[in-house]
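Q: Sharing the record's features from TrEMBL:
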type: COMPBIAS; residues: 550-560; note: compositional bias 'Basic and acidic residues'
type: DOMAIN; residues: 12-50; note: domain 'EGF-like'
type: DOMAIN; residues: 275-518; note: domain 'G-protein coupled receptors family 2 profile 2'
type: REGION; residues: 530-566; note: region 'Disordered'
type: TRANSMEM; residues: 277-300; note: transmembrane segment
type: TRANSMEM; residues: 312-332; note: transmembrane segment
type: TRANSMEM; residues: 344-365; note: transmembrane segment
type: TRANSMEM; residues: 385-404; note: transmembrane segment
type: TRANSMEM; residues: 424-449; note: transmembrane segment
type: TRANSMEM; residues: 469-489; note: transmembrane segment
type: TRANSMEM; residues: 495-517; note: transmembrane segment
Amino acid sequence: MCISQCLFLPADIDECANTPGLCGLHSVCTNAPGTFHCSCVDGYFSSTGVLWETDVTVCESVDDVLAAIVPPEGQSKEMYFLNQMNQQLMENPDIVLPAGSVTNSLSTALKVSGVGSISAQQASTGQVWSGPGKDGRESGSVVLKISELLVNALVDPSQGRVNKTIHTPELDISLQVIEANSTDTSSLSVRGNTMDINLKALARNNNGTASAVFLTVSGMESLLGASFLQTENHTEMLSDVITATLPKINHTQLSEPVNFTMSHKRTVSEDNPFLEWVNRVCVIVGLVFFALAILTFLLCSWNPKINNTARLHLCLCLFLSHLLLLLDYTYLTHKLVCSIMAGLLHFLVVASFLWMLLEALQLYLLVQRLSRIQIIQKEGLQKKYLFLIGYGIPLVIVGVSAAVKRDGYGGYKVCWLKPEQYFTWAVLGPVCTVLALNWILFCVTIWSLRPTLANMKSDVSQSKDTRLIIFKILAQFVILGCTWVLGLFQSTMVFKYLFIVLNSQQGTFLYIVHCLFNKEVRDEYRKWLGCSSSSSTPDSMKEAPSVSEDLDKAGEERQNKGSRPG
């Protein structure tokens, strides 16, 4: 019986409550059985390092500590601070630190390394910080060593069985100490990541106890990001950087494997088979109409006023780019071929959008001439200027991109531009610029066209022809690539389908508006097919003029009205 002993045991004194300010300014006092522990608040660090010396240690601002450091030549202040903390921990392998000191020291190390102060910014921008000094990997390695040594200091072998978790905004720690006769399962978990280990077998070989610590630190992926893995393919960091250690154990040989279960930080999007099927079908249909348009532009006799240069090369570039994307998986496994195809695809995509811009510009110039009541002698710009812009600018963009980042082309899912260091802006920049200009030109063109269409004869203004003109305007909206803006709203499934259907059918709309609606082209088709002029063509199709014919006819009528005597 211990009744008499228990009754006369001295009560534990709470030194922290009895003596305010016991640990000094900017500190936290934590009471413990028979003693107390001091640690610094966030943003401050102990003047004696990770070890607290009563009546000696004071808490100093981390910024002031760094400012006072005079590092050796070739080493930054931050790197010197981290190395000193690491050295102090290595010189005291058997120390036992309270949880407050461990979390404060590790939080300070993270702040000095850059993780604690800018991890939120990096999470929003996707940047990988280079770390103090010349190589971020060096600081990342030191921080990992510090974190391992600090969590080891949490273990006190004399305490026996312990099961503890520590959670702060910067870190999560799961600590377990068991004895050989324990019935507990050794499973540690932090932020959805788990470690399963047989500690009982280790305890039998280590004086009856064994311990394990499982740790994850916020923002460590910014120091040890996927870009440091040096893989051939594009690599993303989808999980936390974890640390597992067996502290203060002499014999660490494991009798069974250790199982780690990692939780993805973000959900990996699953492929949608139906969306992929719709994409392939639409692209194939679009390729057929691109081919028909190309053959028509090359083989048919055209009115001398009509300049099809921009339309022909727009069709060629889009046809080749869609074809390469359709066959992308066939050369994905060949690194060199994949890089070449990615560079060629980059050139074709930029060229396609510039030809869209040239087509929009020529349409705008055509309408402006009509507003001045001029009969169009020849559409658009001269061919040499068209080729200089349509192919010269993409060649310069791709050449500069390849020179700046030679390994920027390739991929692991598609042969395209690698997203590291914002390299995809080599295509996003030109595309977004062209989209903005095309939207402006299209809106200005439609606005300028209003009085022209209003002056057309009444027979052209019949409801049937009005619907036809509206269809041509909407088709021209697709042809000029304005619908590519839907790519900004791919988080919604409806916009995904609209993006695929509309943008894969640029060739279809271009063929209908500029080829099928052209009477001369239909006459050529009839000759090729050996049909008579009285062949069965729908009346609406026989009367459907091309865009150029519509505008040219409107211009002639405005000129006739303007030349009549008042």
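Each Cβ is built from the backbone N, Cα and C atoms, and glycine gets one as well.
A TrEMBL annotation is a machine prediction, not a hand-curated record.
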Q: Which one, 277-300, 312-332, 344-365, 385-404, 424-449, has the most C-beta pairs under 8 Å toward the transmembrane segment (495-517)?
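A: Per the Cβ under 8 Å count, 277-300.
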Q: Count up the helix, strand and coil residues in the domain 'EGF-like' (12-50) according to DSSP, in that order.
A: 4 helix, 15 strand, 20 coil
Q: Six or more residues out from either end of the transmembrane segment (312-332), which same-chain residues have a Cβ under 8 Å from its Cβ atoms?
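A: That would be 280, 283-284, 286-287, 290-291, 293-294, 297-298, 338, 341, 344-345, 348-349, 351-352, 355-356, 359, 386, 390-391, 411-415, 504, 506-507, 510.
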Q: What residues elsewhere in the chain lie close to the transmembrane segment (344-365), defined as a C-beta under 8 angstroms and at least 6 residues from its ends?
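A: Residues 307, 310-311, 313-314, 317-318, 320-321, 324-325, 379-381, 386, 389-391, 393-395, 397-398, 401, 409, 415-417, 426-427, 430-431, 434-435, 437-438, 441-442, 444-445, 448, 476, 479-481, 547 contact the transmembrane segment (344-365) from elsewhere in the chain.
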